[in-house]
Structure formats: C-alpha cells, structure tokens
C-alpha cells in the first residue's frame, strides 16, 4: 500500500500498534484504492497516550517559552524541507490537488510552528499592577493535557494549528485526526520529535466517533479543541461541560459573500470561486451564499459560468488539476443529494450539477456547481453542504442584504466586495460572524485570529489570541507591609 505508516499511533515518541482496534482503511479519493490500513485506538491505547502526555507535561512547562519555541521553529524548518513529501501525502489523504496542498497545507502548518515558536515570549507575558505600597502580578500558566480533534479537510494544518499554541504554552497534546484522513498527523508527530520535542508531548491516536468520548470524558484532560460539524461540536461541548473542561469549537458555516454593484467583478468572481471551489468546496469558512446586487447579477453570472466551466477536473497528483474529488464516497453522495434538492426546489442551474465525465475509475468527483435565483428558504441556502456548490442570491440594497445575511444559525465568516471602503467597514460591523474579509476571501494567515460566533463555535485559532485558550491567568498579590487584621 502506497502510504502505509509504520504503525497506527504515535505515543511517547514512537510508533505504536494495537491490532485489537477496529480496522480503518484509508482510501485515495481519486480512485477508491486502499492506500493504508490502520487500527482505531482501543481504551488501552487512549490511556497510554494520555498517561504519556501527563507524565511529560510538567517538565515541559518548566522550560522557558524561548526554549520551547526553538523546538517548534526547528519543526517548521523540517516541514518546509519536506514540503513536497508532505504535500503528496496530504493529496493522497484528502484528494485535494497537489497545486493546492503544496502551497496551502504543510506550509501553513509550518507557519504555525514558526509563528508560535517566535512570538510566545511576548504572548505569554503577564502584567504588573501597582497597588500603593503593595503590588500584584499575573502570569499565564499551562492547562495540562489538551486534546485536539481534527477534521478531514486540512488534516496537517489542523494538527499544527492546535499543536503549536498548545505546546508553546507548556501543555501536552493528544491529537485524534479524522478517520477519513489518518495519515498526515502521524508525520507531524514524527517531525516534532525529530526537531527535539521530548517524548510524550505530542501524541497521535486514530479513531472514530467512539474514540472521541474516551478522550473528552477522561479526568486527566484539561482542554478539548475540536474542528468539525455543529452536531459533533454540540456533543463534545456537552460532554466537556460535565467536568468543566476548557473548550474551543471551530464548527461549520453557511457564510455570506456580498457583491455590491460597484465591486471589481473579476475580483468578486475570483473571490466567490475561491470561497466555494477551493479544496473541492470542503472549507468551513466558505462563502456559499453569494449575494449579488441586481444591477450586476447578469454580468457576474456570465463571468462566473465561463470561469467555472473552464476549471480542470482530474488526477489530484497532476499539477495542472484545479479541482479534485470529494474526500469520500459518502461525502460525494451527500453533495449530489443537495444538488438534486436545489434543482427540485426551483433554483436555476448555471454550471455543473453532476458527476464529471472526464474522469474514470471509482473516484469521488463532483462538478463545481453554481445555482442562481436561489431564495433564502431553499435547502441549499440554509444548510452546510461542504462541497463545490455555490448559491447565488440577488438583492436590492444594503439594509436588505445585511438582514438576510444574518438570518442564519451560523456565524463563522463572511465577505464584502465593494469599491466603497466606508460601506465595506459599515457592512462588516453589522454582519454576525467571527471572521470577515473585504475585497478578498478565505485568506487565513497564522498572524490573525480565526473563529466564529453563534452556532459556528467559540474560541479562536491562530494569532496571540489562541494562547488565551491554551493557558489561564494566575494572579499573585504581594503584600509589602504588616498585615492589618481587625482581630
């Protein structure tokens, strides 16, 4: 098998196998070929991973942030040196085109290790509070053992986005990737230990929906960070609440992308395509509700149709390929069902709408699809599809589109395209979302916070803000004189 790892799990600095666990077959989405066979973690494996993390964490926390940071920066360097290898693995794991993974996946993970490795001494500083002759100070302290639960759209990136702030803050982590994409996180663990990370601090275990509760409910776990769907987030948050664990939730979205009639239409079309078709539409922050002002709707759709139909669908390992398969057969079937629902409910099919005929074999392909004349009550305008399906809705004025854009249970992200920057800032101020873009879309450098509101989750990934979610404040009051007691 072309991507078989040394073993299913990485615990305490080494690969570990336990064949008693349920078999997990990793399939290459372009062909359906089995490329690796692993085993889900048994309760014994879960205990082994958490115990290793618990043992290793105190000594790691006692190191200076600068010393911890040096290791993370070495890991970033190794990831960049091995970018091609890691990118090809990510393509095999997810089906995303190599032209994407080579610029967006391992590199963004390396960015996270480099950023947190370099800025932590400043980000973890406390404060000094003068109180007359007395004073107080605060310091940030680690939480302990953190659990990261990843999604299947950006497996390597997510492992790094969670691992980097957790580790630099002095924590240990047990990371569980999605069973659909089990391979990348193992390589991240291997690289971290090659960079000098002490044993037990970053452990990877495989599993499915039965494994998560073993991690979330474990008494030695202090924090859970999940990237996943809203239903999964609700279950995890409810379980974590029972023992008052710290929680970060990065969940789904049905985000609005608003195009005003003064926008640069070519840029707006490009932004809409990036916000719907990148990674075959499997991006939580996608702007899948594209609101276009009526005066430019026809021209917008004309340009969008031409560019969408020109996209090259094919073998993800071919660098010319622009759109690859869905991650799994089940996800492809789900997306096809939504496309049929859009047709049945009266939306106008502009482009795509089915399975491409230029690919052969058992791959999980879907054409990039555009619907126009979509109304707010249609299923494709309300529910997260997580595939390459764009809904174009029209609008008359600013107040109307803001009201409609906010009429969603989700609040992850949104975007505005307009030449009027005063209007752009006015609109984003009123949009109910955690991450917003003006005249661009879906750019998420590690320097900026990323996260949502409403049913799209809470807490933030990336930037110095992430350190607040992997540490807590300790306050110390220092008395400088005799105690004045009334007793």
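Even glycines carry a Cβ here, placed using N, Cα and C.
Long-range Cβ proximity for residue 162 (active site, charge relay system), meaning a same-chain Cβ under 8 A and a gap of 6 or more residues, is found for 146, 148, 150, 173, 175, 225, 227, 461. Under the heading active site, charge relay system, Swiss-Prot lists 162 (among others), citing sequence analysis as support.
The Cβ of residue 250 (active site, proton acceptor) lies under 8 Å from the Cβ of 225, 226, 227, 228, 284, 450, 451, 452, 456, 457, 459, 461, each of these being in the same chain and 6 or more residues away along the sequence. Sequence annotations record features per position, and here Swiss-Prot assigns active site, proton acceptor to 250.
Around residue 284 (active site, nucleophile), taking its Cβ as the centre, 24 other Cβ atoms fall within 10 Å, counting all chains. Taken residue by residue with DSSP, residue 284 (active site, nucleophile) is part of neither helix nor strand, so it is coil. According to Swiss-Prot, the active site, nucleophile annotation covers 284.
In three-state terms derived from DSSP, residue 461 (active site, charge relay system) belongs to an extended strand segment. The active site, charge relay system annotation in Swiss-Prot covers 461 (among others).
According to Swiss-Prot, the K(+) 1 binding site annotation covers 26, 93. Sequence-distant contacts of residue 26 (K(+) 1 binding site), defined as residues of its own chain at least six apart whose C-beta falls under 8 angstroms from its C-beta, comprise 3, 34, 35, 36, 37, 38, 93, 181, 182, 183.
Secondary structure at residue 152 (NAD(+) binding site), taken from DSSP and collapsed to helix, strand or coil, is coil. The NAD(+) binding site feature in Swiss-Prot is assigned to 150, 151, 152, 176, 177, 178, 179, 229, 230, 231, 232, 252, 284, 384; the stated evidence is sequence analysis.
Among the features that Swiss-Prot reports, K(+) 2 binding site is placed at 244, 454, 457, with the record citing sequence analysis. Other Cβ atoms within 10 Å of the Cβ of residue 457 (K(+) 2 binding site), summed over all protein chains shown, number 28.
Taken from Swiss-Prot, the feature cysteine sulfenic acid (-SOH) applies to 284, supported by sequence analysis.
The candidate set comprises the recorded positions 93, 179, 461. Of these, 93 has the most other Cβ atoms within 10 Å. The two recorded residues, residue 177 (NAD(+) binding site) and residue 244 (K(+) 2 binding site), have Cα atoms 23 Å apart.
Between the CA atoms of residue 230 (NAD(+) binding site) and residue 454 (K(+) 2 binding site) there is a gap of 10 Å, rounded to the nearest whole number. A 10 Å radius around the C-alpha of residue 244 (K(+) 2 binding site) takes in none of the binding-site residues listed as 152, 179, 232. Residue 454 (K(+) 2 binding site) sits 27 Å from residue 179 (NAD(+) binding site), taking the C-alpha atoms as the reference points.
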